[in-house]
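J.: Attaching a single structure in C-alpha cells format; questions to follow.
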Amino acid sequence: MENTITSSTSSPKGRGVNFATPRGFGSKFKTKCKETFFPDDPFKPISQEPNRLIKTKKLLEYFVPIFEWLPKYDMQKLKYDVLAGITITSLAVPQGISYAKLASIPPIIGLYSSFVPPFVYAVFGSSNNLAVGTVAACSLLIAETFGEEMSKNEPELYLHLIFTATLITGLFQFAMGFLRLGILVDFLSHSTITGFMGGTAIIILLQQLKGIFGLVHFTHKTDVVSVLHSILDNRAEFKWQSTLAGVCFLVFLQSTRYIKQKYPKLFWVSAMGPMVVVVVGCVVAYLVKGTAHGIATVGPLKKGLNPPSIQLLNFDSKYLGMVFKAGIVTGLIALAEGIAIGRSFAVMKNEQTDGNKEMIAFGLMNVIGSFTSCYLTTGPFSKTAVNYNAGTKTPMSNVVMGVCMMLILLFLAPLFSYTPLVGLSAIIMSAMLGLINYEEMYHLFKVDKFDFLVCMSAFFGVSFLSMDYGLIISVGFSIVRALLYVARPSTCKLGRIPNSVMFRDIEQYPASEEMLGYIILQLGSPVFFANSTYVRERILRWIRDEPEAIEFLLLDLSGVSTIDMTGMETLLEVQRILGSKSIKMVIINPRFEVLEKMMLAHFVDKIGKEYMFLSIDDAVQACRFNLTTTKPEP
C-alpha cells in the first residue's frame, strides 16, 4: 500500500480543509465570552445604527423596556389591560393574605407585596403576560428556613430577617441578570421544576389541613410523615364548624376551576372564586361571630400604604447564614419559575422574553420591595394564567393591579380582617391541586425514564424529606446525567444512503451501504480528558467488531465542538495502535476551534495534512482510489 492517500489540498478549489493561521488568544477569548454571555448578540442592531441619538434611544429601550412599548401605547390596549389588571387584583388580595399566612408573616405584608413590585416590573420587565406577586413554594421555603419557633417567639426579628433575605434575593437575581448568568438557572431542568412544584403542592396541601380542621397544635416540620402524625395526634381538636366551612369553600373553588376548563371563555369565574370566598367568609364570620364558634380569622389589618423597611434590615452575623440560604435558594427557584412561566405564555403569542432582562426586573423588584415592607415576589402561574386569559396586551396590567391595590390598602384593608383562616386554607388547597401535573409526569415516564427519575426524586424528596433536600437530590441527578453525557459520548458507524452522497447512522438507516476496506465513525461530542479513554476504547471496539479486514478508519469530527490536549493525544494513540495493524486514520471536517488547537499542538503535522478532508465523500473517494491502486495485479 502507498504511504499516503490523495491529499485534501488536491480537492476541487474551495472544497479543501482550511488550514488558516490560528487566531490569537484575545480574539478567541472575546468570541468565547460573547457566545457564553451574549448568545443572542442583542447589541449588534444597536451598534450598526449610524445615528448616535437613535443609538442612545435604542440602548435605553433595551435596558428599560417601558420606553419601548409605552410610546406605542393606545386606548385599545388600555381597555384590555384595565380589564386584566382588575381581574388579577381580585386574585392578588386573597393570594397575598394566604401566602403571607403560609410564610408565617402578618397578612398585610402579603398585600404590600402586591402593590410596589408590579410598578417596578412594568418598568423593567420584558414579558407582556407576566403578572407578579407572591408564590406558595417560596413562602413555605422561607418559613421552613427560619423556623416556626422564631416566627412565634420573636415575630419582629423573624419579619426583619425575611426583609433582609428578600434584599439578598434581589441583589442575587440582579447580579445574575447583569452578569448574564442565566445559564445557572438552566440547571433547574423542566423535570426538576415539575417534581419540585408537585412535591411542594403536596406538603402545602397537608399543611392547610390545620386550618381546615381548626387545629391549634401542629408540627413545625413539613414532611408528609410528620404532618400526618401531627394530624392524628391532635384529632381531638377537630372542629366540625371549621371543617364544614372548609369543605364548602373547597368544593366551590374546584367547581369554578371546572367551569373554566369546560368553558374557557368563562375564565373570570375561576379568577373571581377566591375573592368570593374571602367576601362570603368575611360576611359570615362577622354576622355569626365566627371566632366564638371555633372559626379563627385573619385579625386586624390597618389602612395605609407600605411603610419603609430599610431601617429594619438585619445583618447580624448570628443570622446571616440563614438569611443568605433563604435568599439565594428562593431566588433561584423564583427565577426558574418566573422565567419559565413568562416564556411559556410568550410562546402562545409568538412573542419573546429576555431571560436576563427578567432577572434584572425580578432583582430590582425584590431590592425595592425589601425597602418597602414587601417579601419575595416573582411571576406566579395562577395569576399569570388569569392575566393572559383576560387579554392583557402589555405590562400595563401590572400597573393597573398596583393602582387597585393602592386603593384597597388606603380604604378597604380593614374589611378583610374578618377573613376566616379556613377560607384561606381552602384557597391555597385549590391552587395547589392545580400544581400537581400528573399528565406531565406520565409523559416524562413514557418519553425519558431518567427525566422521570429526576422528576420523582424532587417530588418524593420534597414530600418526605424537605424542600432543600428534594431540590438538591434532583439537581444532583440532573448533573450526574449531564456528566454521563459528557463521559460517555455518542459514537456511531456511518454508511452511504443508496444513490446519494449522504452518510447516515447504519443503526438508524439499516438500508445504508457499508464500505468494504474502511469504516466511517462519527463522534458526537467534545473529546477531552473526561471521555478520551472511552472514545479510544469505543473506536477500537468498532474496528475489532468489523467482520472484514479494513485499511482505513474515517473519523467524522463535524460533531466535535472542542478538544483538549488529552483528546488529541488519545487520537494519536489510536493512530499508533492502528498503524501497527496497517490501518490508516483519516480526519474529516474538524470544526474551526478544533482545527486551530490541532494546528497549535502540531497534531496536523503528526497526522499529515493529506489525511484530513473536508467531507466524508471526499475522504471516501480518496480511500477508494488507494484501495484500487494497491490491489495486486492479476
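Glycine residues also receive a Cβ, built from the backbone N, Cα and C atoms like all the rest.
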J.: Can you check which of 359-378, 599-618 TrEMBL lists as transmembrane segment?
T.: 359-378
J.: Under a Cβ pair cut-off of under 8 Å, which of the recorded stretches 80-99, 322-347, 421-438 contacts the transmembrane segment (458-486) most often?
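T.: The stretch with the most contacts is 322-347.
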J.: Using Cβ atoms and a strict cutoff of less than 8 Å, what residues sit near the transmembrane segment (266-288) while being 6 or more residues removed from its termini?
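T.: Residues packing against the transmembrane segment (266-288) from afar: 87-88, 90-91, 93-95, 97, 245, 249, 252-253, 256-257, 259-260, 295, 297, 386, 389-390, 415-416, 418-420, 422-424, 426-427, 430.
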J.: Report, as numbers and ranges, which residues of the same chain sit near the transmembrane segment (119-146): CB under 8 Å and 6 or more residues beyond its ends.
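T.: Contacts of the transmembrane segment (119-146) (Cβ under 8 Å, skipping residues fewer than 6 from its ends): 64-66, 69, 84, 88, 92, 95-96, 99-100, 102-104, 110, 113, 158, 161-162, 165, 196-197, 200-201, 203-204, 207, 222, 322, 325-326, 329-330, 333-334, 337-338, 341-342, 345-346, 349, 351, 353-354, 357-358, 360-362, 364-365, 368-369, 375-380, 383-384, 386-388, 392-399, 401-402, 428, 431-432, 435, 466-468.
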J.: Short question: most Cβ pairs under 8 Å with the transmembrane segment (421-438), which of 80-99, 158-181, 187-206, 322-347?
T.: 187-206
J.: Can you work out which residues elsewhere in the same chain, 6+ from the ends of the transmembrane segment (398-416), have a Cβ less than 8 Å from its Cβ atoms?
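T.: Same-chain contacts beyond the flanks: 81-82, 84-86, 88-89, 92-93, 97, 107-108, 111-112, 114-116, 118-119, 121-122, 125, 130-132, 278, 282, 298, 300-306.
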J.: Report the DSSP secondary-structure composition of the domain 'STAS' (508-623) as helix, strand and coil residue counts.
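T.: Split into helix, strand and coil, the domain 'STAS' (508-623) gives 53 helix, 21 strand, 42 coil.
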J.: Are there residues at least 6 beyond the ends of the transmembrane segment (187-206) whose Cβ is under 8 Å from a Cβ of it, and what are they?
T.: 102, 136-137, 140, 222-224, 227-228, 231, 332-333, 336-337, 340, 428-429, 432-433, 435-437, 440-441, 444, 451-452, 454-463, 467, 470-471, 474-475, 478-479
